[in-house]
Amino acid sequence: MCQGEEVESSAVYIVTLKKAPALHYNGEMRRFGSSEVTHGTYSTLNKPRNIFASSRSYDSYLVRYHDSLLNKVLKGESYLKLYSYRYLINGFAVLVTPQQADKLSRRREVANVLLDFSVRTATTHTPEFLGLPGGAWMKEGGPEVAGEGIVIGFIDTGIDPTHLSFADDISTNHYPVPAHYSGVCEVTPDFPSGSCNRKLIGARHFAASAITRGIFNATQDYASPFDGDGHGTHTASIAAGNHGVPVIVSGHHYGNASGMAPRAHIAVYKALYKSFGGFAADVVAAIDQAAQDGVDIVSLSITPNRRPPGLATFFNPIDMALLSAVKAGIFVVQAAGNTGPSPKSMSSFSPWIFTVGAAAHDRIYTNSLLLGNGLTITGVGLAPETDGDSMYTLVSAIHALKTNMTDPSDMYLGECQDPSLLNREIVQGSLLICSYSIRFVLGVSTIKQALQTAENVSAVGVIFYLDPYVVGFQINPTPMIMPGIMISSSNDSKAFLSYYNSSLVRNGSSNAVTNFGGVARILGGLKANYSSYAPKVLYYSARGPDPEDSALDDADIMKPNLIAPGNLIWGAWSSAGADSVEFEGENFAMISGTSMAAPHVAGLAALIKQKFPSFGPSAIASALSTTASLYDKQGGPIMVQRAYTNPDSTQSPATPFDMGSGFVNATAALDPGLIFDSGYDDFFSFLCNINGSGPVVQNYTSKSCGGASTMNGMDLNLPSITIAKLNQSRTVMRTVTNIADNETYSLGWSAPYGVSMSVTPNRFFIASGQIQNLTIIFNATFNNTAPSFGRIGFYGNLGHVASVPLSVIQKLTFNITAH
């Protein structure tokens with residue numbers, strides 16, 4: 001490392017080198033990167049344990065090699081090396097000027113020099129909704145053993161180690177740290193000795209790239225694994241939080257929380273922060289370390305801030321590091337992103353990554369407002385109801401201003417943010433009416449402060465109505481310490497204000513309010529209701545088709561892979577969590593996003609890995625995908641919200657570009673019957689087939705593509721088929737492996753619109769451990785550029801059912817010659 005005066009134009013660059021990283025250096029001898037099926041028997045991808053033990057000398061060599069190269073190329077110049085990447089990719093992150101980066105790029109040892117880029121962060125009831133207590137948990141021994149021995153690594157904002165969801169002493173059962181995990185627990189003043197235990201078995205933080213930019217705020221961000229945001233604590237608890245932890249918020253008990261795999265172990269790799277999000281250089285370092293430590297699953301509730309530039313979206317340091325993680329047998333789950341509902345809004349791109357979209361589950365929190373005229377208005381709010389059957393006077397904040405307040409038209413005066421502005425004598429004993437304006441959406445005004453104002457002026461409760469300028473914004477339930485309601489509809493807000501204004505008595509000459517005639521009472525709010533119209537895809541969940549490049553050409557890869565609960569999810573919250581001001585200081589928070597959906601699947605993957613230790617990433621992905629549900633609780637098709645504004649009025653049946661294979665079915669995934677398996681070599685060939693990709697592939701993998709590859713995305717042995725451009729006819733091959741007892745399968749299918757198809761064979765007997773090859777032929781019947789969808793169903797005589805979604809975007813019945 002060399003140090004000198006800071007150069008203004010310096011920036012962080014990720015430099016990859018041509019020499020193989022430790023994983024690939026040893027990989028060819030072990031062949032653990034391939035799931036080849038030989039001699040008609042099933043050979044799953046076995047995750048190697050302690051795969052780096054024999055490569056420590058090579059690891060040390062690479063660090064010296066990085067330092068030597070930097071010293072040689074930039075001798076006498078100022079630079080700062082931030083990380084050495086040794087395991088999944090070979091390279092380093094370094095703070096240099098553009099001129100120095102150019103020098104490095106011209107060295108024969110250097111494969112690629114890329115400017116660092118930013119990334120962002122994209123439960124009590126969901127175990128019941130997913131059928132775990134009577135299904136997956138019960139079949140495997142109950143929550144006391146669910147996920148035991150499996151390590152989930154979280155690349156997120158850290159964790160609060162003091163939370164009961166991560167304690168290791170709430171059960172008397174033996175709970176050893178898995179022998180294959182070799183991570184450490186970083187000790188700092190914010191994360192003291194003893195923070196880790198047999199549940200939380202590893203914790204580190206990565207912030208070098210952020211620190212070099214001068215944006216790291218030690219007060220808010222914590223230079224330790226401690227979570228100053230709340231997001232990381234929340235996601236970790238969804239996947240692997242302890243079973244039966246009471247959820248108490250604002251003094252109210254909302255049930256008992258549990259992670260999907262409550263006995264799984266947690267390893268934390270903090271690379272995102274409250275103040276600024278994160279950077280790829282830090283994220284890659286975190287992934288690299290997690291793989292070295294021996295995690296079984298990596299959960300990433302993060303996405304890049306922009307679509308990766310270059311030859312293909314797959315060729316970015318994060319996705320390529322994750323490809324090597326998959327080679328090491330690590331199942332990788334990533335949030336789809338919250339950039340829906342537009343097509344091609346996907347923020348997770350690669351076929352080796354399991355991408356999860358967000359769905360609503362059946363639990364909803366609603367309350368209502370009964371007005372003096374008999375009208376009932378529904379709303380949201382985790383709030384108690386008013387006492388008894390009494391009706392209370394309605395008083396708007398703008399009509400309770402002190403006499404020295406001369407401009408009641410100012411928007412903020414109606415937001416109830418300052419009790420000193422209100423006349424306590426007018427408000428006390430009444431329901432205070434507050435405006436929910438755009439300032440609440442921006443975080444300038446808060447529900448918590450309005451409640452404090454109401455308490456200070458002795459109001460019995462609070463009613464929030466939507467300001468007319470808040471158009472299309474979705475209001476989520478917010479905890480309240482007193483009776484309260486948030487009217488979530490613009491039309492209902494207008495109806496409420498119409499009643500209130502019509503009941504006012506005014507002075508004939510001054511127009512001043514002399515009497516408040518409107519009355520109301522608040523009903524419900526603390527107990528959940530359950531809807532039969534669930535699951536459904538939320539408007540914000542990112543959609544396919546999967547963009548292959550920055551020109552938005554479509555990839556032959558289905559994204560998302562699956563949907564899982566992501567809306568209004570209860571999860572643990574950091575004691576210093578500031579991501580949601582409404583839950584600040586609470587031990588649990590209810591938040592929404594694909595960030596919440598991904599750890600649901602990470603936890604369920606741990607259950608599969610526990611039952612099938614030999615399963616590799618593709619086998620786990622297949623089990624989750626082929627068993628997914630296509631129907632809501634009423635038996636109708638899963639619906640999807642198509643618009644941001646009034647989303648429930650724009651619903652239609654979901655397609656594979658909305659929900660992937662469907663809604664995760666935890667119990668069925670533990671008994672999938674058939675598996676579509678693939679491995680690292682398949683993904684490598686797929687990348688080599690991208691036009692002009694040879695040098696880029698070698699840059700990241702240190703392996704030459706060699707001869708021409710013909711492996712298209714549709715040729716990967718995935719449990720889905722996507723054809724971006726069907727030019728007359730296309731034959732697709734798939735191979736299934738039977739992991740259950742001998743069984744006979746019958747096949748049925750529905751062809752995408754504008755396509756005829758056949759599947760051979762359409763019936764077959766398959767013995768346990770055997771494979772069956774399938775040939776699927778697609779023919780375009782007319783020209784069409786609109787996506788159309790179909791499905792192949794496998795129906796076993798022992799009850800196993802597997803479903804494979806089909807997507808065809810462009811159909812051509814004849815070759816079109818460009819003029």
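The backbone N, Cα and C atoms fix where each Cβ goes, and this holds for glycine too.
Residues or ranges marked as domain 'Inhibitor I9' by TrEMBL: 12-121. Across all of the domain 'Inhibitor I9' (12-121), the predicted model scores a mean pLDDT of 77.
TrEMBL lists 147-640 with the feature domain 'Peptidase S8/S53'.
Under 8 Å, Cβ to Cβ, and six or more positions away along its own chain, D156 (active site, charge relay system) finds T121, H231, G232, T235, A236, V268, Y269, K270, A271, L272, S299, L300, S301, I302. The active site, charge relay system annotation in TrEMBL covers D156 (among others).
Here TrEMBL flags H231 (among others) as active site, charge relay system.
Annotation source TrEMBL lists active site, charge relay system at S595 (among others). Under 8 Å, Cβ to Cβ, and six or more positions away along its own chain, S595 (active site, charge relay system) finds T121, A122, H231, H234, T235, S301, I302, A335, N338, G566.
With DSSP states grouped into helix (H, G, I), strand (E, B) and coil, the domain 'Subtilisin-like protease fibronectin type-III' (715-808) comes out at 1 helix, 63 strand, 30 coil. For 715-808, the entry in TrEMBL reads domain 'Subtilisin-like protease fibronectin type-III'.
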